[in-house]
Structure formats: C-alpha cells, structure tokens
Amino acid sequence: MLASRAGLAYLPDMSIWRYANPAEFMRLTSHLLAPLWVAAGALMAVALGWGLFATPDDYQQGSTVKILFIHVPAAMLAINTYAVMALASVIGLIRRHHVSFLVAKAAAPVGAAFTAVALITGAVWGQPMWGTWWVWDARLTAVLVMFFFYLGYIALWETVEDTEKAYDLSAVVCLVGVVFAFLSRYAVNFWATLHQGASLSLAEGQRMDDAFRLPLYLSMAAFYALFAALLVMRARTEIRRRRARALRLEAVPA
Amino acid sequence: MSRPALSALLARDIRLALRLGGGGAIAVAFFVLAVVLIPLGVGREPQTLARIAAGVIWISALLAVLLSLDRLFQADHEDGTLEQLMLAPVALEQVVLAKALAHWLTTGLPMTVVAPLLGLMLQLPAAALPALTAALALGTPALSLLGAVGAAVTVGVRRGGLLLSILVLPLYIPTLIFGARAAENAVLALDPWPALGLTAALTLFAAAFAPFAAAFALRINAR
C-alpha cells in the first residue's frame, strides 16, 4: 500500500507528460536541438554522398535511379508527418496540452514541404523514365491529395484568429483528414486500376540490391533526423510566439 | 420530445431554403448552368460529351453543393438561432443531421431529379441514365453531410468561405470517384453495382460520423 502510493507519487515526475509543460518542453528541447541538427547534417552528408556518388548506376535506369535517395524518404515522411500531426491532435484533444496542438501545427508545413519534394522529385524522375512529368497513377494521385489535406490544415491555422478555437478546430480537421486521406487512397486505387491495367510505378516487392539498400536506409534515417530537428525547432518557435503574444497583451495599458 | 422538435426544424429549414433568397433553387440553377457551359467550352462532338458527361455532372454537383454550404449554419449563427438550437433539449448531433437532411432535400435531391435531363443533353446513352441517377441519389447525401463538417468548422470564422472550400473539396474526392465511376461503367457496358455500393457506403459512413464531428466543431465555435 505504502509502496504503491510512493510509486504513484513518483510517477508524474518520471512521466512523459512532464514535457507537456511548455517550460519543461523548452528546457528539454534546448539540449536536444543542437545534437539533432548535427545528427541530421552528418547523416544527410554521408547518406547523400554515398547514395549519389558512391553507388553504381542501375542497369536499366542509369544514374537517374539515384533520385530515390531523396524521393523515397521524402515520400515516407510525407505520410508519417501526417501521422505525427494526428497523434499530437488526439493527445491535445484528450489532455488539453498547448504543446501538443503546437507540435501538430509546427509539423504541418514540414510535412507539406516533404510532400512537395516527393512530388517534384517523382516528376523529375518520371520524365526520363516514363517519358512524362505526371501520370494519373494511384500512388501519385494519393500523394497529391495528401498535399491538399496539408494545405487545408495550414489554411485553417492561418484563418482562425482565436488561438484557443484554432487548437480544437485544427485537431478536428486533422482527424477527419486522416480518415479521408485513407479513404481517398483506396478510392484512387479503385479509380486508377480501372483506367490503366499496368501501373507504371516500380513493382512492389522488387528486390533491391544491397548496394542501394544500405544508403537508402541511411538516407531515411537522415530524413527522420532532419524532420525531428525541424519539428523541434518549429515547435519551440510556436511556443515562443505564444509567449510573446501573451506578454504583448499583458503590456497593453488597461 | 425530440422527434417533433426535429421535424419542426427540418420543415423550417426546407421552408427557408425554398423561400425567395433561400438559395435552394439557386444552387440547382447553378448546377444546370455549370453543366450547360461545358459543351460551350469543350466543343459539341457527341462522343466527347458522352465520354465526360458523368464526370462533368458530378463535378458540377460538387461545386453547387459547396456553394450552398454556407446556408447550413451561417445565417443561423448570425441571427443567434444556432445558439438557441444548442440550448434546445435536442442532441446537437441530431440537429446537424436534420439540417443536413434539409440541405440535401433542397439541393442534392432536385439535382438528382434534373440530372437525367442534363445527361441526355450531354449525349449520355439512355442505358447509363439509371446508373447516373442512382449514383447521385446515393452519393449527394454524403456531400451534404461532409459539407456540414466543413460548414461547422468555419461557421464563426471571418472570410470562412474560401477556407470552407479548401477543407471540404478534398473530403469529396472518394464520393466523386465512386459516384462518377458508376455512370461511366454503365456507359462502358461494365457493371455499375460495385461503384454504386461504395457510393452508398460512403453516404452511410458520413451519416454515422459527420454529425458528431460537425456538432463538436459547432460547440468549439460557440465557446
């Protein structure tokens, strides 16, 4: 009994929720930010250096294949950033933490940028490979739809003036968006498979040579580190902006 | 208690939409006009028109519904009716459902009724008209319901109209794909039933979740 009570008393201090306090979050992340940037920079340099310059040309695709070291991680993060936003929104709605909502807000432009990178590198790669910048393939269309969900979410934050309302409304929009991004993904499959029997995208499950796979894993790690660094930096900016706003309101003479 | 209240709300919303300036007839007129503009833009070759008819009708329906969404909550928000509805002893979710139903009865349903006529004008084969009409009948309720979520999110927002469209249009993508595919399959002499079934599934799904999301957003905006 005593032990469990002591355990309970000790728990909040150990808990991850401690960092929902903006001050605690700022203290923790001030130590994290520099290592994250160093890790992102070093990993990116090694991964892209290896991937772009030290891998052999593909026997079919020549050197154009090397864009995959940017395209694939960017596309991964385009999807996973939305998952981060959804998770942060759910936590924000349930536990009413400012930091959670602000993390979701901070993640959105990063995710939109990764989505844009995935779309642009895909087009640049598609031009020599498929002979066209764009095809209405299921995957491409789904990623494009994803981009519009990011835009809607960002536009909501830009438009709603009352911050407290923007927290909850953006969370609703984010969660509805998750459901419909999934639905659109499968709807688009249904639509594209009817129109073009043979998809032009790389066949799934196609074995990739180790010469490509290892630098690809490394560049994925690099992109994740970059994402983490950007997210932490932007979340810190949002928290400071909120604090600055509060100070400004305080300073206004009554 | 609640059923007479909801049918009263339904009757009130329908009456408001049908009155002059209510917007119900205007949305349908916009729908017809948008479809009629297409041959003027893309040319009058019957094969071309027949090929794109289903998609054109669906996209026009989407835009007409989108333009009429501000009718759902905006006027009630401005004159304080929405607050009264929130205080009423009826679940706000039911209020949303009743208002979305009224919206569909005054936009989606009349559009479904005129759609076969527009299909004929766009040279859609007569065999495809039942599939087109059925798809619109099954799919347009989803447009009203999903639109209610967007309208609820943007109800208190200044200059919310543009935001509403960018929030709602991506939500319409699955409905557009399945709905337009049903009629197109009928044109291509393929089986329209899978697409019709999926369209109906989307409407059922929207009916199950949209009232909750919209009511949640309305409560946030009322704070």
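The backbone N, Cα and C atoms fix where each Cβ goes, glycine too.
Those TrEMBL annotations? Automatic predictions, nothing curated.
TrEMBL lists A:26-195 with the feature domain 'Cytochrome c assembly protein'. Predicted-model confidence for the domain 'Cytochrome c assembly protein' (A:26-195) is 89, expressed as mean pLDDT.
Per TrEMBL, the feature transmembrane segment maps to A:32-53 (among others).
TrEMBL lists A:73-94 (among others) with the feature transmembrane segment. For the transmembrane segment (A:73-94), same-chain residues at least 6 beyond its ends with a Cβ under 8 Å from one of its own Cβ atoms are 100-101, 103-104, 107-108, 110-111, 114-115, 117-118, 121-122, 143, 146-147, 149-150, 153, 167-168, 170-171, 174-175, 177-178, 181, 216, 219-220, 222-224, 227, 231.
According to TrEMBL, the transmembrane segment annotation covers A:106-126 (among others).
Distant neighbours of the transmembrane segment (A:138-157): 75, 78-79, 82, 85, 105, 108-109, 111-112, 115-116, 118-119, 122, 166, 169-170, 173-174, 177, 180-181, 184-185, 188-189, 191-193, 199, 201; these residues of the same chain sit at least 6 beyond its ends, with a Cβ under 8 Å from one of its Cβ atoms. The transmembrane segment annotation in TrEMBL covers A:138-157 (among others).
For A:169-194 (among others), the entry in TrEMBL reads transmembrane segment.
Among the features that TrEMBL reports, transmembrane segment is placed at A:214-233 (among others). Under 8 Å from some Cβ of the transmembrane segment (A:214-233) lie the Cβ atoms of residues 29, 32-33, 36-37, 39-40, 43-44, 46-48, 50-51, 54-55, 68-70, 72-74, 76-77, 81, 84, 103, 106-107, 110, 114, 208, all in the same chain and six or more residues away from its ends.
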Grab the same-chain neighbours of the transmembrane segment (A:169-194) for me: Cβ-Cβ under 8 Å, and only residues 6 or more beyond its ends, written as numbers and ranges.
82-83, 85-86, 89-90, 92-93, 101, 104-105, 136-138, 141-142, 145-146, 149, 152-153, 156-157, 160
Go through the chain and flag residues at least 6 beyond the ends of the transmembrane segment (A:106-126) whose CB is under 8 A from any CB in it; none is fine as an answer.
64, 67-68, 70-71, 74-75, 77-78, 81-82, 84-85, 88, 132-135, 140, 143-144, 146-147, 150-151, 153-154, 157, 223, 227, 230-231, 234-235, 237-238
